[in-house]
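Since the structure comes first, as structure tokens, the remarks are kept for the end.
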Amino acid sequence: MNPQAKLIFATSLLMGTTITISSNHWILAWTGLEINTLAILPLISKSHHPRAIEAATKYFLVQAAASALVLFSSMTNAWHTGQWDITQLTHPTSCLILTSAIAMKLGLAPFHFWFPEVLQGSPLTTGLLLSTAMKFPPITLLYMTSQSLNPTLLTTMAILSAALGGWMGLNQTQTRKILAFSSISHLGWMAIIITYSPKLALLNFYLYTLMTAAAFLTLNSMKVLKLSTLMTSWSKTPTLSAMLLLTLLSLAGLPPLTGFLPKWLIIEELTKQEMAPTATIISLLSLLSLFFYLRLAYCSTITLPPHTTNHMKRWHTNKPVNASIAILTTLSIMLLPISPIILTIM
């Protein structure tokens with residue numbers, strides 16, 4: 001793709017996100033979301049492969065429907081209350097429609113079907129944008145309206161997301177689809193806590209972004225798109241494979257890695273809200289996703305490749321590891337000890 005075009009799309013993404021997160025008026029927030037959608041479409045379909053075109057079409061249709069619902073909910077609220085302010089969303093029907101719209105935008109169950117397909121049709125770098133940057137504006141809208149949202153609906157969607165994200169990721173062999181289902185189950189953890197402690201949901205999103213970025217960039221550096229390629233990558237980049245193992249275990253939420261911090265705090269907050277059964281259910285459901293993270297980790301470091309001509313050993317390269325991967329991996333492994341400092345900043 002032309003570098004000037006790339007620059008324009010990147011700037012548009014940045015502008016769309018900034019407009020949405022800094023706006024108080026619903027129309028401005030909607031405009032930002034639309035700019036974002038239009039800027040990412042060429043990045044999804046840039047390879048001109050039929051699967052990439054299909055992914056871009058699916059993404060466009062889902063996001064257009066979700067944006068229409070956002071506009072509809074804000075208009076309904078304005079009709080009943082005379083308010084266009086985002087924080088003044090008080091009409092119950094509007095809250096219900098908005099929750100559905102944002103769930104569609106994020107890929108939260110039961111509106112998650114488009115996300116794995118779109119991620120599978122996109123390049124890894126675009127997949128990283130779809131999993132992190134594109135989810136930031138809808139998460140901020142949920143954050144701003146959190147006091148008006150229906151906790152029961154969000155809790156139901158969250159448990160459904162954690163369950164489906166875990167179950168549907170179990171039999172996948174494509175790394176992008178596995179990361180898509182991982183994203184769906186992480187969104188469940190964010191949705192369950194957003195009405196009780198919005199700051200905690202944001203903290204969870206930031207840490208999830210760190211860990212997912214580290215995983216995507218590592219896979220991109222190793223040129224890994226499926227598990228069979230991952231099995232042979234240890235001979236090419238042993239250090240990177242070892243780092244990927246730790247990043248994946250951090251995404252799974254195992255102590256003493258960074259990923260344990262948000263889960264620990266969310267379970268603590270749910271217990272304070274007298275929702276211990278819910279906390280137990282979502283913790284047990286996260287064991288499903290732990291299985292496929294362990295499977296990825298096992299493939300990346302522990303297995304020897306099958307000795308067939310299909311999977312030849314790759315040549316060991318001494319190519320230096322990208323600095324951004326090194327920084328992100330360090331952060332996604334070692335932030336748990338400084339959790340008191342993170343909590344005081346929040």
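Cβ from N, Cα, C; glycine included.
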Self-check item: Range annotated as transmembrane segment - as stated in TrEMBL, picked from 7-25, 178-196
Solution: 178-196
Practice problem: Go through the chain and flag residues at least 6 beyond the ends of the transmembrane segment (325-345) whose CB is under 8 A from any CB in it; none is fine as an answer. | Solution: 203, 207, 210-211, 213-214, 217-218, 221, 240, 243, 246-247, 250-251, 255-261, 265
Quiz prompt | For the transmembrane segment (178-196): best-contacting stretch of 56-76, 96-115, 152-171, 202-219, 281-304, by Cβ pairs under 8 Å | solution = 152-171
Quiz item: Other than its close neighbours in sequence, what residues sit by the transmembrane segment (56-76), given a CB gap under 8 Å and a spacing of at least six beyond its ends?
Solution: 26-27, 29-30, 33-34, 37, 40-41, 44-45, 84, 89, 91, 93-98, 100-102, 104-105, 111, 114, 117-118, 121, 130, 141
Quiz item: So what's the average pLDDT for the domain 'NADH dehydrogenase subunit 2 C-terminal' (290-343)?
Solution: 79
Exercise. Take the transmembrane segment (240-261) and find every residue of the same chain, 6 or more past its ends, with a Cβ under 8 Å from one of its Cβ atoms.
Key: 182, 186, 207-208, 210-212, 214-215, 218-219, 221-222, 233-234, 286, 289-290, 293-294, 296-297, 300-301, 321, 325, 329, 331-337, 339, 342
